[in-house]
């Protein structure tokens, strides 16, 4: 897309906003320019406004405290219009005029909250006041309190509709005017412009709001220098439904945080046009008193902002920040429609949530595909896409009753809190008797003869970390037995680093991933770069680049034929199909002795590529004295191929048919076979 096209799109959005939204958006953008750019823009603006006498006259009126104080004699509609047109022109340092503005603004806000009139105008006035350089920290704290109260009242069921004709507000805090407003005059646009359907500034502050107002501390109730304090509001008969609190009470921060997250008023649609937030990193939650699951440990929601940003849906972070992980996973288009999310956005969100539900089936397809020799680069790219999605630590309470009751003395302990919240307290229970699903894969059993442990159980539904770890084991096996690829190894190591810092993975899973990392790093050191041939000549075109930001749907990764045509490493034809070798059987080796599988003449030199049951796991994969050892054999002919060249260091000659197997290759084969021998008792098989 050309630059002029991008500018055109931005201009079309800009035209769809009202003047207040345009101002806030421009200020947000100006915060990102350099001082030179800012000065240049200032010169341009001063030059263009030099001959505008009208704006100079308007600015003079806006900074006259005497003129502003006389506005209280005007009608309510005119006062609101005057405030909107003059408040942006207030000069910083003019404390006298500012006090008059704040005093008048208090009355407008009090009237708007009680009578449900001028709601849109009140939003805009608050937005101007909160970002205005003339307001102080105390001013913004008090204004933020008004903002919270306005939002609280609206969330309780108010609607921005014209008031009934019989409504007439009378009270001690009524601000004067020669005539009451007619019903049709309740909310006209300012400067003779009709109100826009989505023309408002969101309640939550964006980055354009000074940081001081983003946290309402202990001085939240501090009055302004001009002694502005929220006045008690009298209950009006037109307020249906009414607010739960008493008419003269302000809601406490606890009450604000306890409100339901899904009672957003229908006048505040969460559309891109109505939001001035420009990135997921900006402040999207309500003022500090409300719930924010993005910051809760073990919530599984910490990665939601970055995930939404990758989908270009970061403007809806405020909606997700009020949800739990389970609520997010059950979102539907109907619910999003009730929150007034635009049609296109809610359809995209619903599709993205559906793909989150399909992650486990995608991972299972990936596991099968890697076993069948699929394109390793594509599998790594899919794993990269999955790891950036929101993933919650699996709780044992999510497992089936069979899994929960499987020989554990304390079935509720791991599920009482997120597994990684207090990892130190769980280490002992994991080492003694780990749950099969939660802590996959556990440490290997001490001896293969121990038949007291059950066979490796399938990963429980919803246990994304375990399923992800399982696929990572398959990929590690593939890396160990195939020609080394620097890009694949780098991508794999990046994935492991993300997993090691992710709260959803258990300590046992992280230890396993760390051992695989060490194994791959050892492999990288074993094969010097200069010993490898030109990798680009062997790597076929990687044409399956991720152009979209969403995950592939389930089933799209199981196309073995398409994958095998894009294989980036040479695979010799198999002497026996995988099914006959029993590599995909539940026991892992299908009844065929690993020793026989290694020494069988029928496999020949081609069978070596099919040893998918390697245990890439660190020290646990090394030969031990308690296990049967595999003797050296001469039944595997060695071919002088690029694969063979890469498998040996430069100082070790390539063996011929009559030589012993190189110790490096032998060590790898021993590691694979030792894992296969212990597969029945060690539930860490990567098959």
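Each residue, glycine too, has its Cβ placed from N, Cα and C.
From a predicted model like this one, the values you see are computed outputs, not experimental measurements.
Note on Swiss-Prot: of 563-599, 600-636, the range annotated with the feature region 'Disordered' is 600-636. Of the listed residues (279, 299, 338, 482), Swiss-Prot tags 279 with phosphoserine; the rest carry no such note in the record, though that does not show they lack it. Swiss-Prot marks one residue of 168, 281, 451 with the annotation phosphoserine, and that residue is 281. Candidates 165, 278, 449 were compared with Swiss-Prot; the annotation phosphoserine appears at 278. Per Swiss-Prot, the annotated phosphoserine among residues 231, 271 corresponds to 271. In the predicted structure, the domain 'SAM' (299-372) carries a mean pLDDT of 88.
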